[in-house]
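**Student:** Once you've had a glance at the structure underneath, I'll fire off some questions.
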Amino acid sequence: MTRDAALPGSHSTHGFYENYEPKEILGRGVSSVVRRCIHKPTCKEYAVKIIDVTGGGSFSAEEVQELREATLKEVDILRKVSGHPNIIQLKDTYETNTFFFLVFDLMKKGELFDYLTEKVTLSEKETRKIMRALLEVICALHKLNIVHRDLKPENILLDDDMNIKLTDFGFSCQLDPGEKLREVCGTPSYLAPEIIECSMNDNHPGYGKEVDMWSTGVIMYTLLAGSPPFWHRKQMLMLRMIMSGNYQFGSPEWDDYSDTVKDLVSRFLVVQPQKRYTAEEALAHPFFQQYVVEEVRHFSPRGKFKVICLTVLASVRIYYQYRRVKPVTREIVIRDPYALRPLRRLIDAYAFRIYGHWVKKGQQQNRAALFENTPKAVLFSLAEDDY
């Protein structure tokens, strides 16, 4: 199907075509496609999400109604959270009997997932900026009793200044006080244990906003390690790992990170929802507080002299440490190249350029798992899986 052939006919979507000129495809979902578009009066660029509520004619009347209601619910939630600096802004909407057109700000930097693919792993500094913004978004959503239910790097966009914008509220839901959910939805490797338990136990009480915090932990781990905390080629075994909270800080990347960042990740990946960190608790964690600089500093000659002495002492130690560094021999490189950080990054970068995909570096570290998520969040029934 050509690019133009995939577009809805202009006779049925006169309002959209009157104001916007659709361009190339930016992404696809199960029943939707995202295109760049130009606003004709201003010549500004936007992104339009075109949702075919009929599934190309393959959906039943009941499925069409469900998708229509889900889209209207997504639009309603987007309007409720409009104005937040880190949430994608819905600019315009158009509706016909068969299509919805949702016009958003265009994020030219693309997905956080693509940025991570390019960078392999992120530093603590980059991760701190991204996670603080994400947690502030989640905090705002949860105060409105809105649960996102599909948090993952693919649904986090970046603007030109590398600020994040949370998107894809298709599975979002605004809860009534005390309400619990039982639907199994989301992307398998980001599912919280209680969501999986709901599919296996008819008597399970359900789940709430805590599922977003679990997904946040998976995202943070993935940004730092470059691979997800829970992965197995057999999906059922991966789900068992999630339900038992079976993950490790065993890959070489974790040797470069502080205990503080590991502690925060472990506060998210707690199997019991009631013991899991909330967004507010996470923002108060030392990981986000240790680099906060006071606006006013009182001058202290004694303190300044102490800093100078410590700086000189540190410089001397670094110099002698540098002098004692052992040369990298051929035997060391052959025996364990991943133990050397510069070589590790070089190998990762060239492996991707040569093979076009990431290579497995160990049983507990598989970047290929990152690419197993479908473009749109997955709906599935665990009851149909065989052990």
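Including glycine, each Cβ sits where the backbone N, Cα and C put it.
Below, the features straight out of Swiss-Prot:
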- 20-288: domain 'Protein kinase' (DOMAIN)
- Leu26, Gly27, Arg28, Gly29, Val30, Ser31, Ser32, Val33, Val34, Lys49: ATP binding site (BINDING)
- Asp150: active site, proton acceptor (ACT_SITE)
- 303-327: region 'Calmodulin-binding (domain-N)' (REGION)
- 343-367: region 'Calmodulin-binding (domain-C)' (REGION)
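What's the neighbourhood like for these features in this structure?
**Tutor:** Neighbour count (other Cβ atoms within 10 Å of the Cβ, all protein chains): 21 for Ser32 (ATP binding site).
According to DSSP, Asp150 (active site, proton acceptor) is assigned to coil rather than to any helix or strand.
If you average pLDDT over the region 'Calmodulin-binding (domain-C)' (343-367) in this model, you get 60.
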**Student:** Please find, for Leu26, Gly27, Arg28, Gly29, Val30, Ser31, Ser32, Val33, Val34, Lys49 as listed binding ATP, the greatest distance between any two Cα atoms, in Å.
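**Tutor:** Comparing all Cα pairs, the maximum is 14 Å.
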**Student:** Look at each of the binding-site residues, Val30, Val34, and point out the one with the fewest other Cβ atoms around it within 10 Å.
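**Tutor:** Checked Val30, Val34; of these binding-site residues, fewest Cβ neighbours within 10 Å: Val30.
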**Student:** Pick the one among the recorded positions Leu26, Asp150 whose Cβ has the fewest other Cβ atoms within 10 Å in this structure.
**Tutor:** Leu26
**Student:** Between the Cα atoms of Asp150 (active site, proton acceptor) and Val30 (ATP binding site), find the distance and write it as a whole number of Å.
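**Tutor:** If we compare the Cα positions of Asp150 (active site, proton acceptor) and Val30 (ATP binding site), the gap is 15 Å.
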